[in-house]
Amino acid sequence: MIKLHDKYFKPFISAAQIDKAMQKLADDILKDVGDEIPVFVGILNGSFMVVSDFVKKYKNPCEVTFIKLASYEGVKSTEDIQRLIGLTQDLTGRTVVVLEDIIDTGNTLAEVHRIFKNEKVKSLKIATLFYKPEAYKKDFKLHYVGMEIPNKFIVGYGLDYDGLGRNLPEVYQIKDTQHMTNLVLFGPPGAGKGTQANFLKEKYNLVHISTGDVFRYNIKNETALGMLAKSYMDKGELVPDQVTIDMLNAEVEKNADANGFIFDGFPRTNAQAEALDNLMDTKDSQINAMIALEVDDEILVERLLKRGETSGRADDADEAIIRNRIKEYYQKTAILKDFYSAQDKYYGVDGVGSIEDITVRLSSVIDSL
Ligand code: IMP
Ligand code: MG
């Protein structure tokens with residue numbers, strides 16, 4: 001997945017697929033043009049890459065030129081009046097093939113036709129690498145189409161989003177679910193993660209996915225994945241990441257219409273963080289932030305000992321055990337802090353104060369995403 005300006009794009013058409021479509025365009029055009037020397041006309045800016053790769057695949061002699069359509073400066077009109085820059089060559093009697101990167105509504109193509117109407121060319125053929133049939137509103141014939149694609153915005157291979165993305169050798173498609181808020185919530189034992197997760201899921205309509213709960217649910221209900229996980233646990237082995245990811249995937253699918261997810265207890269390793277990124281990618285989504293509640297060790301020890309007095313949890317009663325759990329937490333999360341920091345997604349939040357104060361701090365992070 002890539003981000004250009006404010007938008008996310010996912011891999012859509014590989015360089016190999018583009019190459020194949022380009023080869024077919026070149027073969028088809030060569031077959032029709034035969035021994036004539038055609039003039040290939042690229043429409044700048046987008047088609048520079050199409051033209052460059054196309055002519056390398058066109059084995060017979062040919063000429064290449066570019067034109068650019070530009071809006072008239074200073075003309076205020078709802079109709080985008082365009083003029084042509086660069087058609088300096090006499091094309092009388094020539095076979096002209098316009099090479100386009102993409103045909104969307106067909107407005108650009110209409111302008112090309114208008115401009116060529118006065119040129120006494122022998123024939124004018126239109127070739128485009130990409131074509132969005134659902135968006136096309138004109139009747140002009142498209143003689144050669146590399147690939148039909150859905151009516152969604154793409155970038156790469158010459159196509160840009162507000163200036164960026166033209167240099168990408170493959171094509172990316174805009175992601176639909178830009179609005180989702182997916183959080184990875186971290187906090188040392190005693191930081192109040194559970195309490196805060198409960199508030200956040202209410203406030204933002206998120207689904208809280210606690211890996212521990214997901215495991216217990218699957219094992220209790222003897223799902224296929226639960227039984228698989230249990231078989232490893234019974235042997236005293238770690239459950240493979242893929243099994244955990246498959247369980248999380250099932251949870252995400254169950255809540256396909258959620259505003260987003262709070263992941264709790266996962267990931268714990270770099271490999272898991274990458275697996276989670278891949279999972280979100282398949283959902284047209286992404287992890288937006290890792291939020292870690294930061295609480296001083298001494299305060300945590302105090303809180304947990306107090307909790308031990310009432311909860312009766314053995315691991316909350318012994319200070320040495322508590323300190324060890326805290327130490328372990330920092331050792332484990334340091335890696336993930338680096339992983340998410342590298343993506344600019346790490347947010348440390350002061351976890352000392354009243355429950356309400358901490359919720360406010362967490363909310364301001366989420367609202368800023
Ligand atoms: P049309 O005039 O609507 O057919 O669109 C043609 C022009 O719009 C192209 O030359 C591109 O500059 C731009 N365009 C249309 N669809 C896309 C897209 O999905 N990504 C990037 N540019 C596009
Ligand atoms: Mg174009």
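Glycine residues also receive a Cβ, built from the backbone N, Cα and C atoms like all the rest.
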Of the residue ranges 180-209, 210-239, 270-299, the one that TrEMBL records as region 'NMP': 210-239
G190, A191, G192, K193, G194, T195, G353 bind ATP per TrEMBL; candidate in R268, R307, R313 listed for that same site: R307
Secondary structure tally of the region 'NMP' (210-239) (DSSP, helix then strand then coil): 21 helix, 1 strand, 8 coil
Beyond the flanks of the region 'NMP' (210-239) by at least 6 residues, Cβ under 8 Å: 197, 246-248, 250-251, 263-266
Closest of T211, E237, V239, R268, R313 to R307 (ATP binding site), Cα positions, binding-site residues only: R313
DSSP three-state assignment for T195 (ATP binding site): helix
Integer average pLDDT (0 to 100) for the region 'NMP' (210-239): 92
DSSP residue counts for the domain 'Phosphoribosyltransferase' (17-161), split into helix, strand and coil: 37 helix, 47 strand, 61 coil
